[in-house]
């Protein structure tokens, strides 16, 4: 994708013609098994071990803290902070060299999460403790570190004027609005990552059910949506996907707010494919699209830290306080209203965006 100035201080990005796109798709499909899978195998293993290892222990930290240590939700929220990793940036750089789809690499994290989580839940129920699942987490993390140390990472190209180039992106109104939507989504994400297991346990859900809920999230939601993420992003666009993601959180949280039977959480968990499985590759794609050459890693770090650092970090504390004062049902109801408001405001801006030419214009040669 080439770019040039259009005389109005606006970068115009030119996409290849349909014929060239079809040729590239044919070449990509031909190489998808023998080339991409071979070169990107380490990243598949990386995501499987890392996310699977997290699934073995992190979700049950919430229950352990509440049942065994007597820690309140608000205290736990202060301690839990999202840890940002540059794995996704490194994966994107390798994809740029070898070809392929980010979503089709990243979905292996969903496979790890959906496979290991119910296994850890079963072990916890069987042993009536959490030690075995944390041993499993430790083993997977050791394997993860061994695999990561042997990965042949592509060295990214850095801009010589990185501060100036990143500053140009940050001045874009569209980018800032996108960041605001990412922040709200981060507030919602933490309600799933850290407090859904707590909530299910509080209304009588077993550790096995908690693990099964994450299996449904992964295999019915995340994996299929990540696999087709490139196609869906092209059809819907980045802003519209974020709107759909916030609408998905609105539906999920409203469902949780009326939930009495913990097993009834399973029918709605497929929406995790929209709120996370489709949303996550959209962030990586938007960062790659908006970044100046050589600033891709920094731009992606800004977007993901807004989601996993700022949004999830603040969300941990606010959600913990809300759980202590209002309880799980009311907290999820208020959260659904926040996400609904965010989706509505984003929809208004998206309609406004369609009526004018944005800072990033797409055209075909």
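Cβ coordinates come from backbone N, Cα and C, glycine included.
For reference, TrEMBL has these:
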type     : residues : note
DOMAIN   : 78-332   : domain 'Major facilitator superfamily associated'
TRANSMEM : 47-63    : transmembrane segment
TRANSMEM : 130-154  : transmembrane segment
TRANSMEM : 175-200  : transmembrane segment
TRANSMEM : 206-227  : transmembrane segment
TRANSMEM : 239-258  : transmembrane segment
TRANSMEM : 270-289  : transmembrane segment
TRANSMEM : 301-326  : transmembrane segment
TRANSMEM : 332-351  : transmembrane segment
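Long-range contacts of the transmembrane segment (270-289) within the same chain, counting only residues at least 6 positions beyond its ends with a Cβ under 8 Å from a Cβ of the stretch, are 13, 88, 92, 102-103, 106-107, 110, 178, 182, 185, 188-189, 192, 216-218, 220-226, 229-230, 232-233, 238, 241-242, 244-245, 248-249, 251-252, 296, 299-300, 302-304, 307, 360. Ranked by number of Cβ pairs under 8 Å to the transmembrane segment (239-258), the listed stretches 130-154, 175-200, 332-351 are led by 332-351.
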